[in-house]
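Annotated features in TrEMBL:
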{"type": "TRANSMEM", "residues": "12-30", "note": "transmembrane segment"}
{"type": "TRANSMEM", "residues": "36-53", "note": "transmembrane segment"}
{"type": "TRANSMEM", "residues": "65-86", "note": "transmembrane segment"}
{"type": "TRANSMEM", "residues": "92-113", "note": "transmembrane segment"}
{"type": "TRANSMEM", "residues": "125-143", "note": "transmembrane segment"}
{"type": "TRANSMEM", "residues": "155-175", "note": "transmembrane segment"}
{"type": "TRANSMEM", "residues": "187-205", "note": "transmembrane segment"}
{"type": "TRANSMEM", "residues": "211-233", "note": "transmembrane segment"}
{"type": "TRANSMEM", "residues": "277-295", "note": "transmembrane segment"}
Amino acid sequence: MSEIFKKYPVPIVGLILGLAATGNLVQSYGEVYRNIFGIVSTVLLILMIIKIVKYPKSVAESLDNPVIASTFPTLTMGIMVLSTYLKLYAALLAYIIWIIGVALHIILILWFTKKFVFNFKVKQVFPTWFIVYIGIAATSVTAPTFEMVSVGQVAFWFGFVTYLILLPIVIYRVMIVKEMAEQTLPTLAIFSAPASILLAGYMSSFKTKNMEIVCFLTILSIIMYVAVIIMLFKLLRLKFYPSYSAFTFPLIISGIGMKLTNGFLIKSGHTISVLRYLVRFQEVVGVALTLYVLIRYIEFLLPKNSTILDSKGYVK
């Protein structure tokens, strides 16, 4: 069992978040489906917490890697999302866990900024940087569950502004500087996440919507989603890396954001019929990819697999 924990990669936190979000995406089809994804996500989260407690030095060393360090906040995002599952059964405990998730994410923003932004090197910039700063918008998505929409609104604006700042920087890094190692290429899928989580957060935490913001985020979300779908044809041919986690939440939150937007537009009398089909497509793709990544991780973690990771979290 100790070998599994040693091998248990930090980037799996992205899958933990992806599974938790998948439960919310499929909730409209039945509470049982939501609970299944939530339970699997919770089990993986507990395993990660055990790893952090049991092997703190190993985890700390992996966080020297800018990709893993900027992926790590998906852990706090996952905590926020999973806390909403608990609300029905233990409201106070769920609220406390949510607060812990939000607080830890803010701490990670400050830590990451000091460690990597204040010592800026363009080759250390990856799409995972979106997770650190725009990931706080998970607060906006989950805040209404705890009647904390004002906090959700602040988180949205922080994420929105930092997205506008980061987007050209990350695009420059990826398209002009390039030189991304193969194991980091799956992180390109994260491009579909920021606009979508902001869209979902805006729909969730703002009672009165500004149509300009809705249109801007919807269009940007669709553009980024289409770009990622095109890239996936090549990315899915790569051998398995823990960075495969990037194929989960970004595609799932795209479906959630579009689903909420479609519902809002229908209620406000601005029905766009094609969005209904886009949502269905995003649901199928998101769920399929999340299950695929889960299966690949299970295969990776099985004892018969001798693959090990170096101190930076890469496959040797």
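Cβ from N, Cα, C; glycine included.
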Touch test for the transmembrane segment (125-143) and the transmembrane segment (187-205), at least 3 Cβ pairs under 8 Å: yes
Same-chain residues near the transmembrane segment (12-30), Cβ under 8 Å, at least 6 residues beyond its ends: 36-38, 40-41, 44-45, 48, 71-72, 74-75, 77-78, 81-82, 84-85, 242, 245-246, 248-249, 252-253, 255-256, 259, 283, 286-287, 290, 293-294, 297
